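K.L.:
Take a look at what Swiss-Prot says about it:
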- GLY153, THR154, HIS155, GLY156, LYS157, THR158, THR159: ATP binding site (BINDING)
Amino acid sequence: MVKTVDFNGRPFHFIGIGGIGMSGLAYILAKRHLPVSGSDVRSSHITQRLQSVGAKVFNTQEATNLTIFQPTPEDSLTTLIPCASGESKKVEKTHQADSALSPNSLPQIICSTAIADNNSEYQAAKELGYPIFHRSDVLAALIKDYYSIGVAGTHGKTTTSSLIGYMLLGGGLDPTIIVGGEVDAWDGNARLGQGQFLVAEVDESDGSLTKHSPRIGIITNIELDHPDHYQTLDEVVKTFQIFEQQCETLIACIDCKTVRTHFKPQITYSLDPDREADYTVKNVTYKTDGSMAEVWEKGQYLGQMHISLLGQHNISNALAAVAVGRTLGLDFEVIASGIATFIGAKRRFEHKGYSQGITFIDDYAHHPSEVRCTLEAARLRLDQDRYRRVVAIFQPHRYSRTATFMDEFATSFDDADVVIVTDIYSAGEVNIGQISGQQVADAISRHHQQVFYHPSLKSLGSFLSQILEPGDLALFLGAGNLNQIIPELISPKVA
């Protein structure tokens, strides 16, 4: 019987192995020399990276992918096991095969919330009696395997966890790192270290945050998001409160009112010196190469911190890393040196190129608060480098999120000179409420003079070539596939 994730040689098979959350786990397991296989309908540089470390990757999601394991009838389970929804279901013995595979060699099937119950590969795994785990079960087991630092929050998780990982690398601690974005420093979204520390981004989107119990937990902020799972902010708070109870030490940003009201962190940080946080900053300045600030610890001056990122939100993310470093006993000079050399994660205000006098930036922002903060950072960049305009190209992400935050999106683009809205990236959702990008554009236009709606990505490049001018900063916003058109704008096709 397999009730918990097993790291003692039992194979892992990931359905949807190319996803950003799944691939990081698969990479770590493969680098630990465990048998790893998986499937994804799209081949990508992510799946190619997994193949380079020994993972077997199928480019379809079919029942036949599982024939590589060839179980016997005795290998089937009749017990309660976690399924993709995080619940348990009884799996009956249904498969007959001729093989010598022992119960101890049954593959562990790993799914994410994105895998539907009618997925043929998932259905086959159930019928075969294979133990099925949610990806969060694997991460939770890894967290217990290390001295773990879990970074949670509605916004800033990837940058904060990457900063912490980079800081520990700079301090010679050789951490294992799993984040929700790609970082050039470790050529992807995960790295296997030989040290005792694991830095992990822990996700609240589907409620699985409650499975994690790191030694040090961080909460960057809390807002209502993921309306496909949460109906109210209170529901989000309850999820984070369970996480708080499971952390040995909680570090949290008390600039967030929800955190101040509902949580009791042992260590606090804030951008406001008047909040009397354990860690704060003073005399923040912004330059073309990033941000500078004085860092203070419990009223004592620690030193100057420089980060190559713009925006108050990134100062806050860096301050979280400082708090973690000091909690682990690192000298501030080591912390500051590590933070100073971090250049950011991919799709987090990522500089994609420069063409015909136009700078192209890609950012993952898809929540109103993220859009607002990213545009504030763009405005800072414009003021420092004397760009002419900030042109925001926005692809709304998910019908449920767009409908829930329509009014908030309407007022999130104040720092843009021009706004272009595309159609909504569904992320697999059904458009029950008949929400459209046109509605988003109309809402923004009630507060903004220059708003355009251009639904199709196929012709968006041509449209932008007419809108963009030398001196513009073109900022692509969204968690979907909007950034795929950037290369054609940087390297226009010759007619």
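These residue numbers are counts, starting from 1, taken along the chain as shown.
Cβ atoms here come from the backbone N, Cα and C positions, even for glycine.
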K.L.:
Measure from the Cβ of GLY156 (ATP binding site) and count the other Cβ atoms within 10 Å, all protein chains considered.
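P.N.:
Excluding its own Cβ, GLY156 (ATP binding site) sees 23 Cβ atoms within 10 Å.
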K.L.:
I want to check the contact list for THR154 (ATP binding site): same chain, sequence separation of six or more, C-beta distance under 8 angstroms. What comes out?
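P.N.:
Looking at Cβ-Cβ distances below 8 Å from THR154 (ATP binding site), excluding near sequence neighbours, one finds GLU204, THR220, ASN221, ILE222, GLU223, ASP225, VAL236, HIS367, SER369.
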K.L.:
Name the secondary structure element type, per DSSP in three states, that contains HIS155 (ATP binding site).
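P.N.:
DSSP call for HIS155 (ATP binding site): coil, neither helix nor strand.
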K.L.:
Within the same chain, and leaving aside GLY153, THR154, HIS155, GLY156, LYS157, THR158, THR159, name every residue whose CB is within 8 angstroms of the centroid of the CB atoms belonging to the recorded ATP site, in sequence order.
P.N.:
VAL151, THR160, THR220, ASN221, ASN317
K.L.:
Looking only at Cβ atoms, how many others are within 10 Å of the one on HIS155 (ATP binding site)?
P.N.:
21
K.L.:
Using a 10 Å cut-off, grab the number of neighbouring Cβ atoms around the Cβ of LYS157 (ATP binding site), all chains included.
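P.N.:
A count of 25.
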K.L.:
Within 10 Å of its Cβ, which one of these binding-site residues (GLY153, THR159) has the largest number of other Cβ atoms?
P.N.:
THR159
K.L.:
List, in sequence order, the same-chain residues at least six positions removed whose CB sits under 8 Å from that of THR158 (ATP binding site)?
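P.N.:
In sequence order, the residues whose Cβ lies under 8 Å from that of THR158 (ATP binding site) (at least 6 apart) are VAL179, GLY180, GLY181, GLU201, ALA345, ARG348, TYR364.
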